[in-house]
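Q: Submitted below is the structure of interest, expressed as structure tokens.
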Amino acid sequence: MSNTHLSSEALPKHIAVIMDGNGRWAEAQGKPRVFGHKNGVAAVRKTISSAARLGIEAVTLFAFSSENWQRPEEEVGVLMELFLTVLSTEVKKLHKNNLRLRVIGDKSRFSERLQTKIAQAEEKTSANSGMVVNIAANYGGKWDIAQAMKTIAIEVEQGKLSSDSISEDLITSHLSMSDIPAVDLLIRTGGECRISNFMLWQLAYAELYFTPIYWPEFGEDSLIEAVTWFVNRERRFGCTGNQIKALMENQ
Ligand code: IPE
Ligand code: IPE
Ligand code: MG
């Protein structure tokens with residue numbers, strides 16, 4: 001047992017999550033896959049509030065990948081509806097808690113209605129100073145690099161930039177989330193050990209944590225477990241889940 005005070009410096013600044021396993025969680029109970037997506041919303045809420053209480057600077061949640069359009073039309077439709085509903089119900093809460101919401105990804109493929117909702121949510125919370133919550137929707141790591149390249153190429157064409165000035169830092173500055181720290185910890189639920197075209201550049205040095213539990217089962221304890229694992233890997237000393245918990249406000 002150790003009561004040693006753990007510094008919050010040891011915590012990851014930016015946590016990214018691949019929220020996987022909704023479909024399998026539902027199917028295991030003989031329910032349709034969309035039942036899993038609906039139940040995944042509670043896990044999103046718990047993850048955001050636990051991370052905020054831990055004082056994490058940014059959380060990025062993979063909600064819909066560029067490849068997910070290939071799913072059955074009905075499932076995609078439910079996911080889009082869910083996205084709209086959740087934006088409407090949750091934004092007030094995020095705002096009240098001083099959190100900043102941002103949606104990263106190619107938003108142009110979403111309905112006008114959804115695009116408007118997203119813009120309103122981002123605008124409403126833009127001046128907040130608490131944790132940044134990034135929702136990756138129609139996001140792909142390859143898309144992100146490609147859109148950065150395109151912008152850089154336009155600047156070169158226009159003579160604003162010379163090709164000599166293309167550097168790693170310049171590319172980083174044109175990617176999504178260039179203003180927040182690189183990802184320190186990536187969590188993937190659902191048991192698969194792959195990146196599935198989530199952030200590629202930004203994950204260059206992230207610790208990768210894979211857990212077999214399905215996304216709808218993920219909660220505060222699961223986040224603490226992942227963060228404890230991270231701290232012990234980075235600092236190579238044995239901290240406990242309770243020490244991580246002690247860093248939470250309003251325990
Ligand atoms: C993740 O769960 C949610 C999205 C990709 C939208 P899945 O729907 O991929 O669930 P599994 O992996 O099939 O169980
Ligand atoms: C990754 O999960 C994307 C999201 C969680 C949004 P997928 O279930 O789509 O990934 P694959 O198909 O297993 O690679
Ligand atoms: Mg999946």
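All residue numbers here begin at 1 and follow the chain in the order shown.
Glycine residues also receive a Cβ, built from the backbone N, Cα and C atoms like all the rest.
Just lifted these from TrEMBL, have a look:
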type	residues	note
ACT_SITE	Asp20	active site
BINDING	Asp20, Glu207	Mg(2+) binding site
BINDING	21-25, Arg33, His37, 65-67, Trp69, Arg71, Arg188, 194-196	substrate binding site
ACT_SITE	Asn68	active site, proton acceptor
Q: Counting other CB atoms within 10 A of each CB, which of the recorded positions Asp20, Glu207 comes out lowest?
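A: Minimum Cβ neighbour count within 10 Å, taken over the recorded positions Asp20, Glu207, occurs at Glu207.
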Q: Cα-Cα separation of Arg188 (substrate binding site) and the residue listed as 'active site', in Å?
A: 7
Q: Do any of the recorded positions Asp20, Trp25, Asn68, Trp69, Arg188, Ile195 touch ligand 3, in the sense that the CB is under 6 Å from one of its atoms?
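A: Near ligand 3, sequence order: Asp20.
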Q: For ligand 2, list the binding-site residues among Gly23, Trp25, Trp69, Arg188, Ile195, Glu207 whose CB atom is within a distance below 6 Å of it, in sequence order.
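A: By the Cβ criterion, which requires under 6 Å to ligand 2, there are no hits.
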Q: Let's check the environment of His37 (substrate binding site): how many other CB atoms sit within 10 Å of its CB?
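A: Taking all protein chains shown, His37 (substrate binding site) has 23 Cβ neighbours within 10 Å.
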Q: Using C-alpha atoms only, work out the spacing between Asp20 (active site) and Asn68 (active site, proton acceptor) and round it to an integer in Å.
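A: Each residue's Cα considered, Asp20 (active site) and Asn68 (active site, proton acceptor) end up 12 Å apart.
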Q: Just name the winner among Gly21, Gly23 (the binding-site residues) by count of other CB atoms within 10 A of its CB.
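A: Result of the Cβ crowding comparison: Gly21.
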Q: Using a Cβ cut-off under 8 Å and a sequence separation of 6 or more, which residues in the same chain sit near Ile195 (substrate binding site)?
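A: Within the chain, Ile195 (substrate binding site) has Cβ neighbours under 8 Å at Ile18, Gly141, Leu186, Leu203.
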Q: Over all shown protein chains, what is the count of other CB atoms within 10 A of the CB belonging to the residue listed as 'active site, proton acceptor'?
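A: I count 17 other Cβ atoms within 10 Å of it.
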Q: Counting every protein chain present, what is the number of Cβ atoms, excluding its own, within 10 Å of the Cβ of Arg188 (substrate binding site)?
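A: So the number of other Cβ atoms within 10 Å of Arg188 (substrate binding site) is 23.
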Q: Tell me the Cβ contacts of Trp69 (substrate binding site) under 8 Å, same chain only and six or more apart in sequence, or just say none.
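A: For Trp69 (substrate binding site), the qualifying residues are Val76, Arg109, Asn138.
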Q: Between His37 (substrate binding site) and the residue listed as 'active site, proton acceptor', find the distance joining the two CA atoms and give it rounded to the nearest Å.
A: 13
Q: In whole Å, how far does the CA atom of Glu207 (Mg(2+) binding site) lie from that of Gly21 (substrate binding site)?
A: 21
